[in-house]
Amino acid sequence: MDFTTTEAAQDLGGLVDTIVDAVCTPEHQRELDKLEQRFDRELWRKLIDAGILSSAAPESLGGDGFGVLEQVAVLVALGHQLAAVPYLESVVLAAGALARFGSPELQQGWGVSAVSGDRILTVALDGEMGEGPVQAAGTGHGYRLTGTRTQVGYGPVADAFLVPAETDSGAAVFLVAAGDPGVAVTALATTGLGSVGHLELNGAKVDAARRVGGTDVAVWLGTLSTLSRTAFQLGVLERGLQMTAEYARTREQFDRPIGSFQAVGQRLADGYIDVKGLRLTLTQAAWRVAEDSLASRECPQPADIDVATAGFWAAEAGHRVAHTIVHVHGGVGVDTDHPVHRYFLAAKQTEFALGGATGQLRRIGRELAETPA
């Protein structure tokens, strides 16, 4: 593999770091807590004005044509300050899927406006435990969708959703507008305190032109969702561990910094190894996905095992480092007046969203079992 990132990725990551560090102060985060939906429109506007949304978007949607490595760099930087913006959902996943699989009409009608920031798109991939997929019944000139999806990021503020569903001829992904009859979104309270919704489709009608594609689209969305969440998690853990190390250097007990105690130092060292392992596997996965995207549009992607490996590290390291952050900070770690508690919550949210470390290991096992020797 190639460990060297691109110059564009370095530049974009640095620019986003500068923007989010300036905007996402502890005071600003507390102001976001007062909103009905935690969507940082001020930061979103600054990212739009700086060209961040369009920089790594496909040229077919009016973007600059950079790719996965650059998007990963942006997501890591957004994670550093727990940025409450739908870059992952709207630009990377939804607009990316439309650019890769959608018709020219869908690209121009929805993808371009997502990349420009005029519309917010999201993806509805997850159902409640034990719940079947959304069902799409043909109606002659379109489909009627029935079912629910949960944990839809930025669902309460989204203009449209990409929804996988089962049809008579197999799986397909549809674009469903928030204003379509039969579409209802309920806001959810979640661990990460973000804008998350429950999507209910009660016979929502979509015409055939809103069909984005088949099984390959759903597979692509699942792979990119895991990769993107992993990138954001890296940013969260990096900054959270930095804050914890700084606290250990300055907090004194028994007339010496607590970081000088062996047990504390070992805990921080373990966290450092976890974060480095996550960065390594994320880099491998992003590079493989980027190579596959350039080589072919066919799915399933051979990068699946690499992405699941990175997802395992994001969940496992997320659990360990999140608890290290709280434990080393002591009482401060659970004081909501201190910003560090937000990193614990964000890390746990991503861990749960990925299905935990065990879920990713099972995914790797299935891929290995199904791969010919």
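A Cβ is built for glycine as well, from the same backbone N, Cα and C atoms used for every other residue.
Keep in mind it's a predicted model, so treat the numbers as computed, not measured.
Taken from Swiss-Prot, the feature FAD binding site covers Arg251, His327, Gly331, and the record attributes it to experimental evidence.
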Long-range Cβ environment of His327 (FAD binding site), under 8 Å and at least 6 residues apart: Arg267, Gly333
Number of Cβ atoms other than its own within 10 Å, given for Gly331 (FAD binding site): 8
Mapped DSSP class for His327 (FAD binding site), helix or strand or coil: helix
8 Å Cβ shell about Arg251, His327, Gly331 centroid, FAD site members excluded: Tyr247, Ile258, Val326, Val328, His329, Gly330, Val332, Gly333
Maximal Cα-Cα distance (Å) across residues annotated as binding FAD, namely Arg251, His327, Gly331: 13
C-beta crowding around Arg251 (FAD binding site), within 10 angstroms: 15
